[in-house]
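Only one structure is covered here, and it is reproduced in the block below.
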Amino acid sequence: MRSLTFTVAAGCLSAGLAMAETPVLTVYAPDYFVSEWGPGPKIEELFEARCACDLQFKPGDLLPRILLEGDRTEADVVIGLNTDVTKKARESGLFAPHGVDLSPLTLPLEWTDEVFLPFNYGHTAFVYDTTRIDTPPASFDALLDAPDDLRLVIQDPRSSISGLALVLWVQAVYGDGAEAAWDKLAPKIVTATKGWSESYGMFTDGEVDMVLSYTTSPAYHIIAEGDETKKAAIFPEGHYFMVELAAKLAGTDQPELADQFMSFVLSEDFQGMIATGNWSIPAALSQDKWPEGFQKLDLPEKVLFYTEDEAAELRAEAVEAWRRALSR
Amino acid sequence: MAARALAVSAALALAFLTLGPVAVVLARAGGFATLGPGDWQAVRFTLWQALLSASFSVVLAVPVAKALARRRFVGRALLVTLLGAPFILPVIVAVMGLIAVFGQAGLVNAGLTALGLPTIDIYGVHGVVLAHVFFNLPLAVRMLFSAWQAVPAEHFRLAASLGLGVQAQWRVIDGPLMVRVLPGAFTVIFVICLTSFAVALTLGGGPRATTVELAIYQAMRFEFDLGRAAALAVLQLALALAAGLVALRVSGQSGFGAGRDREVPRWDGQGALPRLWDGAWILLAALFLLVPLLTAVMRGVPGLLLLGPDTLRAAGHSLMVALGSTALCMAWALPLASRRGELLALPAIAISPLVLGTGLFLIVRPFMNPFDMALPVTGLVNALMALPFALRILRPEAETVVRDYGRLRTTLRMTPLAWLRLVWLPRLRRPMGFAAGLTAALAMGDLGVIALFADPDRTTLPLQVYRLMGSYQMEAAAGAALLLLMLSLSLFWLFDRGGRVNAAT
């Protein structure tokens with residue numbers, strides 16, 4: 001019995017020593033990050049080459065899981081948060097300032113957040129197929145006035161981040177007239193799906209004419225499929241800004257590694273890879289360094305965005321206006 | 001005595017796993033939150049669509065199952081297996097298949113346009129009901145079909161020699177059989193439809209088709225309002241329990257007595273008109289259930305070549321989970337195969353996977369790392385979720401065995417082991433095979449609770465389908481979905497077939 005105890009203890013000890021040799025950085029990431037097609041494997045490869053550590057992704061729900069775990073969370077860093085949760089995340093006190101110099105950022109708007117660090121962005125947009133629509137609506141107003149047989153699919157703002165961004169987009173463009181705008185849009189909306197994947201699947205299957213997606217979606221088709229027929233309709237009223245963020249946990253047991261990771265996020269290595277890795281625009285890379293397919297994208301001149309406090313104030317009523325209009 | 005202790009511990013484990021997680025979430029939230037007007041709208045819609053879906057599924061199942069039970073034709077066994085497929089399809093695959101058939105650009109509308117007729121629109125309450133009937137008609141058909149198969153051949157022979165007409169046979173055999181099977185089938189399907197979420201959203205055409213499960217999802221993952229999530233989850237459980245109690249009151253208990261297990265030759269319905277009638281029902285059901293399936297297969301074939309090692313590994317994990325769930329579920333179900341057991345298990349389908357997952361996460365976390373528990377927890381939860389189906393299938397047969405052979409047991413003073421080996425297991429072989437097949441296939445396709453327990457190295461196949469879609473890999477996702485469909489169906493077929501060895505059907 002004693003020898004067994006000893007063996008077990010020795011086993012634990014040597015496992016502990018092995019751990020001490022290669023420190024582990026635990027990164028919580030959204031689910032799609034870690035598939036062979038997501039950005040996770042490339043991030044892991046690039047970062048491990050410079051840190052002499054073991055980067056481990058733990059995919060799944062981000063904020064709900066961290067809030068459940070509280071200060072006992074295993075995460076050192078979280079990557080892939082959206083602006084809809086930053087307020088709640090900030091108020092939890094579980095995150096620490098990133099300490100990264102923000103001057104390299106090339107976002108279309110000013111970003112001064114000390115906790116949440118952007119790594120890529122895009123905008124909400126309605127994506128269409130040029131072989132099916134010759135002249136897409138040239139503005140949001142034109143979309144509202146389009147004939148009712150124009151078939152749109154959107155995402156539900158209560159279960160999807162892009163759906164929520166659409167509701168805020170309509171709010172930003174139409175203000176008090178948002179509900180009336182939804183009334184005009186309602187007959188064209190075929191359905192509101194749970195998430196982006198279902199919507200986009202319906203679009204690629206030819207079930208709808210336009211899908212609520214991102215300005216960056218056509219880049220995937222251009223680069224990966226050599227297909228230039230998918231385009232985002234650009235509206236002069238502006239498009240809602242969608243950014244993905246990384247943050248460091250205050251209670252991390254690997255503070256140096258976490259800091260190193262945070263500065264890696266804005267490095268040229270990371271930024272050069274993320275465009276085709278995550279099909280989004282790099283947050284800190286000048287346009288001439290973007291992959292060619294991204295340089296071909298139609299991008300909006302005007303970008304709309306609510307700060308987290310503004311969004312928190314507007315959100316419930318904006319979603320409710322959407323629900324009322326689409327329930328009629 | 002031992003059997004009783006086993007039943008009690010199985011029941012306790014069940015109660016702990018359904019109520020424990022809700023209680024833990026509730027404790028963490030510090031109490032229920034109040035529900036808003038949107039929530040009550042969701043409750044009304046949820047009940048309404050569940051009622052419609054369950055009614056249509058059960059009513060349509062009667063002629064289909066009757067036709068299948070009394071007709072013999074080449075490929076009948078294969079058809080019976082394939083007709084079960086929609087029930088075990090992953091939701092997203094089934095919905096895409098339905099859209100390919102009934103959607104704007106679908107086959108039905110293409111046909112209607114070619115004939116110069118107005119097109120149909122699938123999006124709305126009717127779309128939700130259509131999808132739910134697509135999923136659950138097979139379950140209802142199989143339950144009825146199995147019950148018809150279990151009627152001793154002597155009854156049909158007697159009915160034939162007495163020259164009973166259609167109405168008389170209905171009164172003596174078919175009617176009582178309906179009363180015994182339909183309320184249970186209706187309840188199970190009603191409760192499944194209570195927790196529907198992605199189907200309702202995609203085909204419902206917008207927020208009119210909001211279900212309680214969506215409100216739970218929103219509260220849990222978007223607003224992190226545990227109190228509201230718990231309140232909604234309890235409401236969902238209460239609705240399921242109420243449905244179960246009603247069904248228990250309604251369902252009759254009549255059995256048919258023992259027979260000598262001969263193949264059931266049927267003398268009824270031999271005229272031209274009944275043949276045509278049965279043939280039409282079989283054809284309609286086959287078209288309705290198999291064409292969307294076929295589109296999913298066709299869509300997936302090119303994607304099969306794109307499947308990488310990650311997807312194959314995920315398939316391996318899913319197989320492991322499925323087999324583990326099946327073993328656990330069978331061991332759990334046998335001691336609980338009674339009226340009370342079935343009622344107790346019903347809430348397991350109605351409990352929100354999100355609340356269940358969160359509750360288990362909170363329970364497991366103080367003791368071990370939840371990430372290491374990803375696959376065991378998935379297996380456990382899948383066994384739990386399949387338990388109500390397994391009991392629905394096993395319970396009527398199990399009770400019949402006790403009623404028909406109980407006296408024999410007493411007369412012969414059989415030991416429990418001999419009873420188990422000589423009577424119980426052989427007699428339950430067919431329903432057990434069916435239940436095990438169903439459990440395995442359901443566990444293959446479930447996405448359930450994994451969101452909080454995910455581990456990159458232990459992905460399951462349904463999760464991989466979503467990940468591929470999330471990275472624009474629609475074609476590869478269709479291929480992975482086809483792989484999932486093939487594996488689920490194979491497992492289902494193997495178990496179901498195993499239960500029917502030596503049987504002519």
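Placement of Cβ uses the backbone N, Cα and C atoms for every residue, glycine included.
Lifted from TrEMBL, the feature list:
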type	residues	note
DOMAIN	B:43-247	domain 'ABC transmembrane type-1'
TRANSMEM	B:45-65	transmembrane segment
TRANSMEM	B:77-102	transmembrane segment
TRANSMEM	B:122-141	transmembrane segment
TRANSMEM	B:181-206	transmembrane segment
TRANSMEM	B:226-248	transmembrane segment
TRANSMEM	B:276-298	transmembrane segment
DOMAIN	B:315-495	domain 'ABC transmembrane type-1'
TRANSMEM	B:318-337	transmembrane segment
TRANSMEM	B:344-367	transmembrane segment
TRANSMEM	B:373-394	transmembrane segment
TRANSMEM	B:434-454	transmembrane segment
TRANSMEM	B:474-495	transmembrane segment
Residue numbers, six or more beyond the limits of the transmembrane segment (B:318-337), whose CB comes under 8 Å of its CB atoms: 3, 6-7, 10-11, 13-14, 344-345, 375-376, 378-380, 382-383, 386-387, 390-391, 394-395, 398-399, 428, 432, 435-436, 439-444, 460-462, 484, 487-488, 491, 495
Stretch with greatest number of CB pairs under 8 Å, the transmembrane segment (B:122-141) reference, B:77-102, B:181-206, B:226-248, B:373-394, B:474-495 candidates: B:181-206
Long-range neighbours of the transmembrane segment (B:45-65), counting only residues six or more past its ends (CB under 8 A): 125, 128-129, 132-133, 136-137, 139-145, 148, 178, 182, 185-187, 189-191, 193-194, 196, 200, 208-213, 239, 277-278, 281-282, 284-285
Paired segments the transmembrane segment (B:373-394) and the transmembrane segment (B:181-206) in contact, 3+ CB pairs under 8 A: yes
Distant-in-sequence neighbours of the transmembrane segment (B:226-248), which means Cβ under 8 A and at least six residues beyond its ends: 18, 22, 25-26, 28-35, 39, 43, 46-47, 183-184, 186-187, 190-191, 194-195, 212-213, 215-216, 219-220, 339, 342-343, 346-347, 349-352, 354-355, 358
Contacting positions for the transmembrane segment (B:276-298) when only residues 6+ beyond its ends and CB under 8 Å are counted: 60, 63-64, 66-68, 70-71, 79, 82-83, 85-86, 89, 93-94, 96-98, 100-101, 107, 134, 137-138, 141, 269, 478, 481-482, 485
Tertiary contacts of the transmembrane segment (B:77-102) (same chain, 6+ residues out, Cβ under 8 Å): 68, 108-109, 120, 122, 127, 130-131, 134-139, 141-142, 145, 198-199, 202-203, 282, 285-286, 289-293, 295-296, 299, 437-438, 441-442, 444-445, 447, 462, 465-466, 469, 478, 481, 484-485, 488-489, 492-493, 496-497, 505
